[in-house]
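K.L.:
I have a structure I would like to understand better, so I am pasting it below and will then ask my questions one at a time.
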Amino acid sequence: MKLTKIGHPAIDIDLAYATSNNIAGKRLYMDSDALLHPDAATALHAAADILQAQNLRICVFDAFRPAYVQQKLWAVLPDPEFIADPEVGSDHTRGIAVDLTITDQSGQPLDMATGFDEMVQQSHHNRVDIPVTAQQNRLLLLGAMALAGFQHNPFEWWHYSLPNAENYPLING
């Protein structure tokens with residue numbers, strides 16, 4: 001499967017696993033390119049168009065994730081609520097998932113109440129015990145991503161994937 005490099009004028013790339021500032025505490029990616037299955041890349045570009053019309057941008061934290069990285073993350077946090085079991089595979093290892101947030105035109109992230117990969121209850125969608133502004137920002141992200149064809153992960157406000165994952169094979173890479 002040939003993956004597509006994410007490239008859009010309203011999308012910034014800040015891969016968390018290309019640095020040591022992540023839940024593993026070490027650099028897991030040697031490359032800083034964000035790749036997706038072509039179907040997911042097309043949908044992400046559609047979401048970026050929706051947000052760009054509102055003078056907003058997308059910042060991508062993770063996209064395609066090689067199986068060896070999935071195994072390393074599972075070793076750090078073997079909790080299927082937050083990390084997919086590498087024996088099963090994840091939507092990231094299929095190239096159809098993206099972790100992201102919304103930023104303003106200057107690249108400043110909108111308030112989402114918790115950070116990316118902050119594995120706490122407040123990171124779940126539909127939380128009413130977070131500031132109203134964060135609830136609104138999460139709904140804005142959810143709306144743009146849903147209109148573009150993505151579904152959300154109920155436990156992670158930042159995680160979106162294409163539906164019907166079983167139609168997409170795991171990608172070795």
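Including glycine, each Cβ sits where the backbone N, Cα and C put it.
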K.L.:
Out of H8, H159, which is the one TrEMBL records at the Zn(2+) site of H92, D99?
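P.N.:
For the Zn(2+) site that includes H92, D99, TrEMBL also lists H159.
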K.L.:
Given the recorded positions H92, D99, E156, H159, tell me which ones have a C-alpha lying within 10 Å of the C-alpha of R65 (site 'Transition state stabilizer').
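P.N.:
Taking H92, D99, E156, H159 one by one, the ones whose Cα falls within 10 Å of R65 (site 'Transition state stabilizer') are H92.
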K.L.:
Quick one: which residues besides H92, D99, H159 have a Cβ within 8 Å of the Zn(2+) site's Cβ centroid, in sequence order?
P.N.:
F61, D62, A63, R65, S90, D91, A97, V98, N153, E156, W158, Y160, S161
K.L.:
State the count of C-beta atoms found within 10 angstroms of the C-beta of R65 (site 'Transition state stabilizer'), not counting that atom itself.
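P.N.:
R65 (site 'Transition state stabilizer'): 27 neighbouring Cβ atoms within 10 Å.
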K.L.:
DSSP secondary structure for R65 (site 'Transition state stabilizer'), reduced to helix/strand/coil, please.
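P.N.:
DSSP call for R65 (site 'Transition state stabilizer'): coil, neither helix nor strand.
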